[in-house]
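Feature annotations, reproduced from Swiss-Prot:
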TOPO_DOM  1-21  topological domain 'Cytoplasmic'
TRANSMEM  22-42  transmembrane segment
BINDING   Gln72, Arg76, Asn101, Asn130, Arg135, Asp151, Asp152, Asp153, Asp245, Arg293  UDP-N-acetyl-alpha-D-galactosamine binding site
DISULFID  Cys244-Cys296  disulfide bond
Amino acid sequence: MMRGCHICKLPGRVMGIRVLRFSLVVILVLLLVAGALTNLLPNIKEDKMLTLRREIKSPSKSALDSFTLIMQTYNRTDLLLRLLNHYQAVPSLHKVIVVWNNVGEKGPEELWNSLGPHPIPVIFKPQTANKMRNRLQVFPEVETNAVLMVDDDTLISAQDLVFAFSIWQQFPDQIIGFVPRKHVSTSSGIYSYGGFELQTPGPGNGDQYSMVLIGASFFNSKYLELFQKQPAAVHALIDETQNCDDIAMNFLVTRHTGKPSGIFVKPINMVNLEKETNGYSGMWHRAEHFLQRSYCINKLVNIYDGMPLKYSNIMISQFGFPYANHKSKM
């Protein structure tokens, strides 16, 4: 009887073992599925990290392949809007910074934005004082290595800008621009400022220049920081004359590099639009303008204890362009 009873309980025990095995299989399958899902999580995180890396790297790539336009303006809203519209179509332009020198007056930011959208962001920077050197601040919005600085009455063709930017990429430590000037030492040892109408400064054929004006030029954004570190007397001179910040920048660059401060690029189509505005006339119309420029050169020589500017006769022009069509009116 005892054996019979023992034998009768065997089927139940077998069923229990089967249930246990089934449960173990289910648990094992669940563990495998959970493990597989867990293994997928690092891939998701890795994808996110790759995306994040791309986002982090993209500004550096943009910094090399694009430039920021800085334009200082005063009493020329009509021209400003026209120029902003023109420069929106320039390739490689990353951002536009408008240095608004009409102190206490509201800029045309709302009007500009209301007529958008625009392909290139424009940032208006109202100033608390109308100073010439406002445009040489270290703007936190500048995210590119190259800065294009353009006066608010100057229209430069997209073709000229694309070409000049390509030259700057080859010579990123110099000013690459469209308007050359030079200094000349007189017999008395006093320096004069001028253009190609002055005597040739050295032996040999052809003419030379020693400065490239920054109002139509590309230069490295690091020079904005270096400008802030120049002697206080330099800043005071610019504020005193409301002039000569471009001459000071040429002194800075050539002192920093030991090379000529800039390279002259011959423009194909660059136009001064000052006659088309109802606003402010440029400083170069003032009778004392060139006298001030000569004054600044001599003052800077005293501040820096010497003349650092170097002459150059290099002019770069676009190969193969039909020069009969040149329209430069500068």
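From the backbone N, Cα and C atoms, a Cβ is placed for every residue, glycine too.
Sequence features, as recorded in Swiss-Prot, placed on the structure.
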| residue | record | DSSP class |
| --- | --- | --- |
| Gln72 | UDP-N-acetyl-alpha-D-galactosamine binding site | strand |
| Asn101 | UDP-N-acetyl-alpha-D-galactosamine binding site | coil |
| Arg135 | UDP-N-acetyl-alpha-D-galactosamine binding site | helix |
| Asp152 | UDP-N-acetyl-alpha-D-galactosamine binding site | coil |
| Cys244 | disulfide bond | coil |
| Cys296 | disulfide bond | helix |
Mean pLDDT across the topological domain 'Cytoplasmic' (1-21) comes out at 48
Sorted by position, what residues of the same chain at least six away from Gln72 (UDP-N-acetyl-alpha-D-galactosamine binding site) have a C-beta under 8 A from it?
Val98, Val99, Asn101, Asn134, Arg135, Asp151, Asp152
